[in-house]
Amino acid sequence: MAAAKGIAIGIDLGTTYSCVGVFQHGKVEIIANDQGNRTTPSYVAFTDTERLIGDAAKNQVAMNPQNTVFDAKRLIGRKFNDPVVQSDMKLWPFQVINEGGKPKVLVSYKGENKAFYPEEISSMVLTKMKETAEAFLGHPVTNAVITVPAYFNDSQRQATKDAGVIAGLNVLRIINEPTAAAIAYGLDKGGRGERHVLIFDLGGGTFDVSILTIDDGIFEVKATAGDTHLGGEDFDNRLVSHFVEEFKRKHKKDISQNKRAVRRLRTACERAKRTLSSSTQANLEIDSLYEGIDFYTSITRARFEELCADLFRGTLEPVEKALRDAKMDKAKIHDIVLVGGSTRIPKVQRLLQDYFNGRDLNKSINPDEAVAYGAAVQAAILMGDKSEKVQDLLLLDVAPLSLGLETAGGVMTALIKRNSTIPTKQTQIFTTYSDNQPGVLIQVYEGERAMTKDNNLLGRFDLTGIPPAPRGVPQIEVTFDIDANGILNVTAMDKSTGKANKITITNDKGRLSKEEIERMVLDAEKYKAEDEVQREKIAAKNALESYAFNMKSVVSDEGLKGKISESDKKKILDKCNELLSWLEANQLAEKDEFDHKRKELEQMCNPIITKLYQGGCTGPACGTGYAPGRPATGPTIEEVD
């Protein structure tokens, strides 16, 4: 057995599932847990007698929803009044309380109420992963690399590190999930010439797009974009809402307020979603779901795709943003890599493939395991593994925001530009603004706006003792130096005297949240017009798609048989199908094209629908109140004579 001190593990701490790997004997082993599963649910449950972690916790969730905690990753490193926390709280069956501005999860454990910080919940999941690795290796393990989404801010990274410490781990480094996946991918491919790789990571709870350049074993992150709140859970939510409505229609009962019923339904929905990645239909059978009523139903892949259409299409926006940030055309991307269980959804793959003009997607890495695989390799590198496979690998990350200082008139002068590779060091010469100025105030900011008042102040310090001289004569050398962990050192030195002063800006100085980073980037004037155009385009696209789907369901309704001629019905269905196919191939068309296509469809449908209503109403469809643009499943409206 190898000496314990020489072994380090890689942990993918996911929102919904976690995974652990170890690099030994020249290859990565992804380690199965005690249930034989290679991924473990990021769930912790508390009962009257015990604490359960992983599969055991998830398996009993329907019976004990209030005391089963998941999604700790959505809380970690956030304040209680963070809008993300406030909106998520509405969806969780467990209770979140405010303690000194920080969120804590309140549960009943062994008969008494206990409150846990998110770091504590995450540390329990990490402990489970640590024990899984120890059972496989046969000795204790303390060293680990843990991954986080690329957009996690410093407090979220620090809190994740704290969770590792609570779990008894020595956290060697926190690395980005897409970066970890890139390492896995780089090892699989071997470095032959420069390649641009787009990593599309759609997991259970977060979505990240990263563009990397891999050249001869050197990885460079060119750009990252994403959404901290998009993933498999959101697709589950759409299915849950769909079936809650169906139950209401069939049985005239609302189950949405019954936490246990919703939880059981959610479990069945997750299973159905997975089935739909390989089959075109999935059946749900839930005995005694609510008030003794059995719920047996089914859903097709097409209906699932329709329910999540906007979410699926929305995954292309961060792809476009990352390409813009990397100043790269989509034709320049050599490989598209799928990471995260949700990338198994055929529609997601199809949209991405269409966007890249039918290019093949790289699915050679198991999407659930790629991140842990890369983390395990990085752990081996940090432990000094001399294996030929890893020794030439070098990893470069990027700064998510520009860093600079305030110059005369409150202007932001950036020394390190957004998306610069880190570690990095930049030096610039500044001078005094007035005659005989005895000192300068160095104020360090991060952000994309032209004026410092619109950016985020990270810290400030004075450099004094400058010899009297006319303005513009003294030479003050300012150096910005970021290390591999994102810690910034700013030094100012008067070149005539050699006198210097410095400040270190570390992770715990309350850096920006992802939302603020996004706000500052999007607020920047140059993006305003572009954002507006994009919003209008998406609204027009959605309007066209929903109108086409509505028309299809109106004319296909059984209750309208005999009210509409087969030729009219065929005409509408053919036109709708033609437009939906066009949409498939042109998701990124212009607003005017979408509007034009919708008007075209309306001009064809309106006379037929009007004729339908003027024909009177005697059949079973009487009173269903169909109208152009109204969903076929809309509310019943009584007809007035």
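One-based numbering along the chain as shown.
Cβ coordinates are placed from backbone N, Cα and C, and glycine is handled just like the others.
The shown structure was predicted, so the numbers you read here are calculated from the model rather than taken from an experiment.
Summarising the annotation, Swiss-Prot assigns region 'Nucleotide-binding domain (NBD)' to 3-388 and lists similarity to another entry as the type of evidence.
Taken from Swiss-Prot, the feature ATP binding site applies to 14-17, LYS73, 204-206, 270-277, 341-344. When secondary structure is read from DSSP and collapsed to three states, ARG271 (ATP binding site) falls in the helix class. Sequence-distant contacts of ARG271 (ATP binding site), defined as residues of its own chain at least six apart whose C-beta falls under 8 angstroms from its C-beta, comprise ALA282.
According to Swiss-Prot, the feature region 'Substrate-binding domain (SBD)' maps to 396-511.
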Measure the Cβ-based neighbour count of SER277 (ATP binding site), defined as the other Cβ atoms within 10 Å of its Cβ.
18
Indicate whether GLY14 (ATP binding site) is helix, strand or coil by DSSP.
coil
Neighbour count first, Cβ atoms within 10 Å, every protein chain included; then name which of GLY14, GLY205 tops the list of binding-site residues.
GLY14
Could you check what DSSP calls SER277 (ATP binding site) once collapsed to helix, strand or coil?
coil
